Amino acid sequence: MSYLETTDPEIAAIIDKETNRQINGLELIASENVVSRAVLEASGSIMTNKYAEGYPGKRYYGGCEFHDMAENLARDRVCSLFGAEHANVQPHSGSQANMAVYFTVLKPSDKILSMNLSQGGHLSHGSPVNFSGIIYESHQYGVDLKTERMDYGTIAEMARTIKPKIIVCGASAYPREIDFKAFAEISEEVGAYCVADIAHIAGLCATGIHPSPVGLTTFTTSTTHKTLRGPRGGFILCDKEFAAPIDKAVFPGMQGGPLMHIIAAKAVCFKEASTKEFKKYSEQVVKNARTMAETLSANGVRLVSGGTDNHLCLLDLTNFGITGLEAEQALGNAGITVNKNTIPNETKSPFVTSGLRVGTPAVTSRGMKESEMKQIGEWIAAIIRDSKNTRLQETIREEVKSLASQYPLYPDLT
């Protein structure tokens, strides 16, 4: 028996159940991935025992010499990966990375211009229920409701009228390439700071599959646990002129002690992301997403914007007479994990929605390619068309389990 099974059998049993769920199912949530065993090992390492408030060379506690080495390595690796001048790897999440940037250059009631949450944005980009929409005056752009793509001309007009202090570019449910150069030019024209939140596409930006904002925007924020395939956490990239204020905004402005076991795991993830193998992985993520999009479209499922350029597809379920919530539950019964999602022209609550978001990072990490995406797309379409058919869900669940067994989550983990 493991130490955990002996000490806390209840939690051990829950973890075993979650392990089996992941092993036997298909994770298609676009913000999820499967970390390497090396990242898992670092995340659960003895580094968790140490308090390390401050930064390398300027800690408030003794005994941090090896934590300094780990954090410096993480900072150096992510700067090298993205070609950045400065990195802060201490934010516990992407939202906290965004918060630190706001705290650096904004005062309460300053104006933010960012993407509307219901059309693909993120809570921390100025949603009225989030700190970013409570502390600051939030203005939001959306997509062109015909093309369902960003209209940079309209965004520029809004920026000229609103004159925001910050323009945020980035999304959590936008399947198309983002023109960071256009955002940088708009920001420069109106005298705004430009913040690129690449949480979803960081792995694609790091490998050149998607254009990177680094060197164009004032700040770049991200998570490490989506397409970067690292531990749960965030980071900030900026030029050296903002290094000191950004670091001060993170600590002591926003956080106390950093999670050093997670920072060690971030360092591992940045090393992995610099390899040729990771670039091939990132290329396959996009190939898989496009194949799934084509399969779904061929089966009568309308895709928001008509397809995808990245790791995710956004499905419009309106013509099938079911909600995103109903589809999420039906697919979940079949062992396919997705999430309900709002779509442009949304008429339903965000807890119900008219759409689904599906992504390929996790299944690609398991080794699946185009042929598997075609099969998965067929399963999704079949369940969407007949969402009340529990016998169909049970049949597909067995087929999903069979497919998943061919691509072990971790070959040495049972």
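Note: Cβ is positioned from N, Cα and C throughout, glycine not excepted.
Taken verbatim from Swiss-Prot:
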BINDING   Leu117, Gly121, His122, Leu123, Ser349, Pro350, Phe351  (6S)-5,6,7,8-tetrahydrofolate binding site
SITE      His225  site 'Plays an important role in substrate specificity'
MOD_RES   Lys226  N6-(pyridoxal phosphate)lysine
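What Swiss-Prot annotates, mapped onto the structure for a quick look.
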| residue | record | CB count, 10 Å |
| --- | --- | --- |
| Leu117 | (6S)-5,6,7,8-tetrahydrofolate binding site | 24 |
| Gly121 | (6S)-5,6,7,8-tetrahydrofolate binding site | 24 |
| His122 | (6S)-5,6,7,8-tetrahydrofolate binding site | 23 |
| Leu123 | (6S)-5,6,7,8-tetrahydrofolate binding site | 16 |
| His225 | site 'Plays an important role in substrate specificity' | 26 |
| Lys226 | N6-(pyridoxal phosphate)lysine | 28 |
| Ser349 | (6S)-5,6,7,8-tetrahydrofolate binding site | 12 |
| Pro350 | (6S)-5,6,7,8-tetrahydrofolate binding site | 12 |
| Phe351 | (6S)-5,6,7,8-tetrahydrofolate binding site | 9 |
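With Leu117, Gly121, His122, Leu123, Ser349, Pro350, Phe351 listed as the residues that bind (6S)-5,6,7,8-tetrahydrofolate, the site has a largest C-alpha separation of 16 Å.
A gap of 22 Å separates the Cα atoms of Pro350 ((6S)-5,6,7,8-tetrahydrofolate binding site) and the residue listed as 'N6-(pyridoxal phosphate)lysine'.
The residue listed as 'N6-(pyridoxal phosphate)lysine' and Leu123 ((6S)-5,6,7,8-tetrahydrofolate binding site) are 17 Å apart (CA-CA, integer value).
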